[in-house]
Amino acid sequence: MGVRFVCRLQGKDPSPCFYRRVESLPLHHHHGAAIEFSERLSYFGIATNLISYLTAEMHQDLETAAKNVNYWAGVTTMMPLLGGFLADAYVGRFNMVVFCSLIYLVGLSLLTMSNYIPRLGPCPDSPSCKSPSKTHEVLFFLALYCISLGTGGHKPCLESFGADQFDDDHPGERKKKMSYFNWWNFALCCGLFLGVTVIVYLQDHVSWGVADLVLAVTMAVTIVSFYCGKRFYRFRLPEGSPLTPLGQVLVAALRKRKLRCPSSVDDLFELTRAEKREQGRLLQHTNRLRFLDKAAIMDERDRRAPEGKRNHWRLGTVTRVEETKLVMSMIPIWLTSLMFGVCVAQSSTFFVKQGQYMNRKIGKSFQIPQASIYALAAVGMIISVTFYEKILNPALRRSTGKERGLAILQRIGIGMIFSVVAMAVAALVEMKRLRGVKEGIVPSVFWLAPQFLILGLGDGFTLVGLQEYFYDEVPDSMRSLGIAVYLSVIGGGSFLSNFLITIVNRMTREVGGKSWISRTPNTSRLDKFYWLLSAMTVLNLCIYVLVARNYTYKNVQRNDVSDYKDIEGVELVT
């Protein structure tokens, strides 16, 4: 038996329970998948070949172009922190997706204009200019950062909105949600694959303007499709700032810092079952970060306060305390995930640029676009996700008897091992490529295939695992923000990559007289840079293992049918 919510907004607001329409069962996800496919098609169609545009059309050197790509990728993947917060607190996820998709469409339209209108092009007066016009430069970067702004609300909210369509308290739907992130990323990889093949081919062999026009039209069509599916969706109402309860717990714990934590959990303050629907799902007590438990101790002043009028800045519930513990426990996981983001950043910058200096011909006439080699990362991720979903996880479920065969943090750690191997392989390939350059040999671009495939396999474990981790482990009211925190791993990795490039350049120039990262890959020593990243990733992995071994997962008190019998509009369905 399941529970179908039809929370009629009468009298007291039933938030945070879902506002669900009866006809939403069974669920329909194809509208959301379509717009996510369009967004990934656009993002990777631009991101993977952006370094080529900056060096070929805007005549930037390798270091400057790589930094500009990393800055844009960093901003694009950090902006969701703001979009996710606003959606969870005030706007709602559906509204944020629609609004930011329109901003994304504006960015794509500006890119199209910058290539179709002659006076706005990179070289309006001469096809052989040495630097782009200021007008084109301003319009181009304005378009790129409009896309960043659009991604800021689109990316965290769409994915969490899709996951919201599953009821965590319904066993069947909860099990389906465990597969949701795997298949969501499968669809994402399809968009990525077409972006780095079809779109990149149009950019290199037809024109950048045609490619941008295709992306803009595709985005427009999927926005309309997504909005037309509105009546089929389930919605979670915004509940105000999700950060306020966390601040209240910290302040309450500091106020009561001199009190001794009780020996029994029963002595800590928690809501009654009758008050449960106002709080949402309740969390069970854990023994980590015991200092925060003091926020749930009731002193004489709290006992004298009328029920329902207690000061939340003095007294928090066990659930609020546990939510604060969850958020604080995520910080070490986030920090130790950044090196994976650094490794991912290399695939769209230096890996792609290396491909430009390799033999990309198939047959006598066809030449593979240099960014299309990135498609192998998508292939690796598709293989990884399919293997995990269809073979590995079912086998582990049968052998362990657990609902989740492989723990989330174990899955993330396995992907980090792949990133170590990918950087080591990249270093070996680059060493061999540079020896070939000295001997006048131009190796095949498919030499880069192993490092892309291995990194893609790692993505299927770490990136999907991070999505699931930051969605599941955050408080229910912060799930868009949780997806945004996952994306910030990639953004933080891009910024950290830029920092490492700057430091490495400065140190190698001062010590050896020649920088490891020069104007082109043929005059650089990217192999040494990759060895450095591999060593740093090994060290980071050791720290991650120590953190993950001591981590305690969210422990939810599962609801049953009796929990909903007093909620107006609830229908019991079999």
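Each position is counted from 1, following the chain as shown.
Here the Cβ of each residue, glycine as well, is placed from N, Cα and C on the backbone.
These features come from TrEMBL:
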{"type": "TRANSMEM", "residues": "93-111", "note": "transmembrane segment"}
{"type": "TRANSMEM", "residues": "183-202", "note": "transmembrane segment"}
{"type": "TRANSMEM", "residues": "208-228", "note": "transmembrane segment"}
{"type": "TRANSMEM", "residues": "330-351", "note": "transmembrane segment"}
{"type": "TRANSMEM", "residues": "371-388", "note": "transmembrane segment"}
{"type": "TRANSMEM", "residues": "408-429", "note": "transmembrane segment"}
{"type": "TRANSMEM", "residues": "449-471", "note": "transmembrane segment"}
{"type": "TRANSMEM", "residues": "483-504", "note": "transmembrane segment"}
{"type": "TRANSMEM", "residues": "529-548", "note": "transmembrane segment"}
- Item | Distal contacts, the transmembrane segment (408-429) - CB-CB under 8 A, six or more residues away | 333, 337, 339-340, 343-344, 346, 351, 388, 447-448, 450-451, 454-455, 457-466, 468-469, 472-473, 527-528, 530-531, 533-534, 537-538, 540-541, 544-545, 548, 551, 553
- Per the 3+ Cβ pairs under 8 Å rule, pairs at least 6 apart in sequence, do the transmembrane segment (529-548) and the transmembrane segment (183-202) touch? no
- Task: Count the Cβ pairs between the transmembrane segment (330-351) and the transmembrane segment (449-471) that lie under 8 angstroms and are 6 or more residues apart in sequence, then report whether there are at least 3.
- Result: yes
- Item | Folded-back contacts onto the transmembrane segment (183-202), same chain, C-beta under 8 angstroms, at least six residues removed | 33, 36-45, 48-49, 159, 162, 210-211, 214-215, 369, 371-372, 374-375, 377-379, 381-382, 385-386, 389, 460, 463-464, 467
- Per the Cβ under 8 Å criterion, with at least 6 residues separating them from its ends, the transmembrane segment (483-504) contacts 63, 66-67, 70-71, 73-85, 155-157, 159-160, 330, 334, 337-346, 349, 466-467, 469-471, 474, 515-517, 529, 532-533
- Item | Two-stretch contact, the transmembrane segment (208-228) and the transmembrane segment (371-388), at least three Cβ pairs under 8 Å | no
- Query: Residues sitting near the transmembrane segment (371-388): Cβ under 8 Å, six or more positions beyond its termini, same chain?
  - Reply: 44, 48-49, 52, 182-183, 185-186, 189-190, 192-193, 196-197, 200-201, 204, 347-348, 351-352, 355, 406, 411, 445-446, 448-449, 452-461, 463-464
